[in-house]
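A quick write-up on the structure given underneath.
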Amino acid sequence: MEVELSAIHSRSSYPPGMRVAETLASVDDKKGTEHVETSTVDEAQVPHASSAQSATFTASTPAMKRKARTQFVAVCWTLYLAGWNDGTTGPLLPRIQAVYHVGFALVSLIFVSNCLGFVLGAAANVWLTDRFGFGRVMVLGSVMQVAGYAVEAPAPPFPVFVLGYMINGFGLALQNAGANAYVAALKENTATKFAILHAIYGTGAVCSPLIATQFAQRSHWSFHYLVLLGIALSNVLLLSAVFRFKDQEACLTEIGQAPDREGGSDANKYKQIFGLRALHLMAMFILLYVGIEVTLGGWIVTYIVELRGGGASSGYISSGFFGGLTLGRVTLLWINRKVGERRAVFLYALLAISLELVVWLVPSLIGGAIAVSLVGVLLGPIYPIVMNHAGRVLPPWLLTGCIGWMAGFGQAGSAILPFLTGALASKVGIKSLQPLLVSMMGLLVFFWVLVPNAPRRIE
């Protein structure tokens, strides 16, 4: 993305101390649309046009471009691990119930524990990142996942097994927040990179059920967590080597991009972040979205087995859903640009509701499996669209903290809604899954109506 200085006033044109208004118009290389940011700086702080350029220009040398690609691959690998993690539970859930002799309500404690870890991680993320820096916190998150999988792999007593999910959730929240905040801070091809980032998540979620379904049919079913342990270890090594425990500003500088100018003290920054109405609306939207995604991927296998007569291979339906998610995030980019991202969310959500009604009301195993995959295609682009939208409506100097909170808090939905599903299923049966999903998708539309389409001035 080439950044143009559309209005830089000469230093000699103004007396000392005068405040100069600069307009930086950043052109999206894919859409051709302009996103205009205005900032007021003291004239003495911008002695030359070149210094203003250095604050906004992105990677220009071959070495910087290689470094930028390497950093992007590292955060993508983090999301691949997150996708593999989320795609694991669905195929293993019936086996976990059988091994530990627990019903729907008790097995849902897995999701409660995971939720607690996510919420704690989201709450701690802003403080940890400010205190220790982006690079250290990302590695810490991956180390926490290694610990969680090490607890789960030997199939310990159920309470200990559940504890492993909390440890894992804490680590996932830190990494999910960091990866999304890093991509949101990039100035070049942000929308496309968000789509790729979350398509990689979907790829992990596609691969995981293929392996987990095989382990679910074996005596050492819990050894599947050793696969996750290996991926998490590789993630620790990659994050350590690429980011070298540096903060985000230093990492961005390495690729030729200076960070956005801060807007006040740390205390004032926290006050501004949590005073943003748009932030809380988008965080709730993400919580619902992630909850729908993980609930559908996690419980659809049980639903198909119990109500549609599916066999052991029903675990592959979960792969079909996450495969649809991956496909949608890449192939529907042109629709997002054609109709506009805001309208695209309404379109995808309404079509997903229609297909979910097919899964609910049409008693067909094959038809249901196809509809679930298509729901994945439609839901796929929504998450990266929301993250990209946040970059347009939230203050740039608060964006890293805001994205981190949205991603971390939103991931709690991956525990809350699946637990609610299990609690309802224990009372009225797994047939409650589809009404719950349809109603939650309706709430998605409601919250998207409330999300502002333009930034609000922050004092």
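Each position is counted from 1, following the chain as shown.
Any Cβ shown, glycine's included, is placed from N, Cα and C.
Just so you know, TrEMBL annotations never went through curation; they're auto-generated.
Per TrEMBL, the listed range annotated as transmembrane segment is 195-216 (candidates: 41-62, 195-216).
Residues of the same chain lying 6 or more positions beyond the ends of the transmembrane segment (368-386) and with a Cβ under 8 Å from any Cβ of it are 191, 194-195, 197-199, 202, 282, 285-286, 289-290, 292-293, 296, 300, 304, 308, 317, 320-329, 331-333, 335-336, 341, 344-345, 348-349, 351-352, 355-356, 358-359, 362, 406, 444. Counting same-chain residues at least six beyond the ends of the transmembrane segment (344-362), those with a Cβ under 8 angstroms from any Cβ of the stretch are 332, 335-336, 368, 371-372, 374-375, 378-379, 381-382, 385-386, 434-435, 437-438, 441-442, 444-445, 448. In summary, the transmembrane segment (432-451) lies against the transmembrane segment (278-304): three or more C-beta pairs, each 6 or more positions apart in sequence, are under 8 Å. Segment contact is absent for the transmembrane segment (398-420) and the transmembrane segment (133-151), given fewer than three CB pairs below 8 angstroms at sequence separation of 6 or more. The transmembrane segment (163-183) is not in contact with the transmembrane segment (316-335), judged by fewer than 3 CB-CB distances under 8 Å for residue pairs 6 or more apart in sequence.
Comparison of 98-121, 133-151, 222-243, 278-304, 316-335 by number of C-beta pairs under 8 angstroms to the transmembrane segment (195-216) places 316-335 first.
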